[in-house]
Amino acid sequence: VATMTELSPTAGKNSQDIQGDEKLSPRKAPSICSTRYGIAFIVHLCNFITMAQNIIINITMIAMVNSTNHQPSFNDSTEGLPVNSFGDPNNSPKSLPARGLGYGGQFAIWERWSPPHERSRLCGVSISGILLGTCIAILLGGIISQTLGWPFVFYIFGGFGCICFLLWCVLVYDDPVTHPWINITEKEYIISSLAQQVSSTKQPLPIKAMVRSLSIWSMCVCCFSHQWLINIIIIYAPTYISSVFNIDIRNSGFLSALPFIVAWVICLLGSYLADFLLTKNFRLVTVRKIATVLGNLPSSTFLLVLPYVASNYIIAVSLLTLSCGLGMLCQPGVYINALDIAPRHSSFLMGASRAFAQISAVLAPTVSGFLLSQDPEFGWRNVFSLSFVINTLGLIFYLIFGKADVQDWAKERKLTHL
């Protein structure tokens, strides 16, 4: 008779206890100057160039259309470049397929490369490349197009993309076991830290268990509500400031890039802070929820009070910048929670939660446009208030049902014969 028995971890240990085990202390293995951080930096560069290339397509669009020849020349038509609201690539349909493949697929690396103590910072270093690529493309894309001609924008960023591709092919491997140049101490450290979470055999997706899991639904709902907030910040907040102060901040390269610079810094600092708290014996679920609260509540609150500071342009822009920047504190929170609750299926769950969250990219502009058309006087307050309510409800749902321990359905199972 064949029965399914679950491989139990070491007696008295669960996945969160493993996080605090002294045997897995990161001090026993190389840290910054290590193979895993080198891979994180390469993924950072790949995210950087992927996002930058998406942005420069928008930046050079008018220059390409208005150009009468293919020779590099000065082009004055880059004024008013079509970078949507802070230059955000979320508003560009051309960017979505590339971002979806790259963003979801890269988390498969961290299933086998990220020790539990270091997941936040490794993922944070990797993902922050998206933010840096956005702000660098906004700052330099128009300048290069004006001074050297729009073809050179593609030559420069395309050439850098080829370099990143070569680095990826040569230096990135599926796991520490197959990497030819990894330090032995680091290899043993990573393998031992993931011994209870990574399986050498391919596991089937437990779809029914996933659909019934409240921890997954809490992650998806929180991602949806946070993306609603981000969409409002990116799309409508700059429009609000333009309508109130008659100043279009999208015409300023620095002001357009500033929120992404702040977000890049906060993403890195927040990721390191999350892992630091783990070394201070904070429970993993507590760290994830603290990061999620800090990434949701202040951002939505700043947006809520934005209509009440209509008399001060500097305060309004500052609140908008902080809202965008602080939102990245969710990265070491809910956005990498799938690596905690189901390490073996984290890539699928990351993609599924992001797909669910992107529904907000359709609903948020539609609902906000309707509110603005129905009530021109108080429309902006209604838009920002609705965003605050949705964001808060999603956060509360995650705080109640969110988990950080490996779920039973995500643990390795094997067939035994009695």
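Using N, Cα and C of the backbone, Cβ positions are placed for all residues, glycine too.
Automated prediction, rather than curation, is the source of TrEMBL annotations.
Here the structure is a predicted model, which means the values were calculated and not measured.
What TrEMBL annotates here:
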- 1-27: region 'Disordered' (REGION)
- 1-18: compositional bias 'Polar residues' (COMPBIAS)
- 122-144: transmembrane segment (TRANSMEM)
- 150-173: transmembrane segment (TRANSMEM)
- 257-278: transmembrane segment (TRANSMEM)
- 290-309: transmembrane segment (TRANSMEM)
- 315-336: transmembrane segment (TRANSMEM)
- 348-371: transmembrane segment (TRANSMEM)
- 383-401: transmembrane segment (TRANSMEM)
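Same-chain neighbours of the transmembrane segment (290-309): 120, 222, 225-226, 229, 232-233, 237, 240, 270, 274, 277, 282, 315-316, 319-320, 322-324, 326-334, 380-381, 384-385, 387-388, 391-392, 394-395, 398-399, 402, counting only residues six or more beyond its ends whose CB sits under 8 Å from a CB of the stretch.
Contact counts against the transmembrane segment (315-336), taken as Cβ pairs under 8 Å, peak for 122-144 among the stretches 122-144, 150-173, 348-371, 383-401. Long-range neighbours of the transmembrane segment (150-173) within the same chain, counting only residues 6 or more positions beyond its ends whose Cβ lies under 8 Å from a Cβ of the stretch, are 38-39, 42-43, 45-46, 48-50, 52-53, 56, 59-60, 63-64, 67, 70, 72, 75, 109, 137, 141, 144, 179-180. Only residues 6 or more beyond the boundaries of the transmembrane segment (383-401), in the same chain, are considered here, and those with a CB under 8 A from a CB of the stretch are 214-215, 217-219, 221-222, 224-226, 228-229, 232, 236, 289, 292-293, 296-297, 299-301, 303-304, 306-307, 334, 364, 367-368, 371-372.
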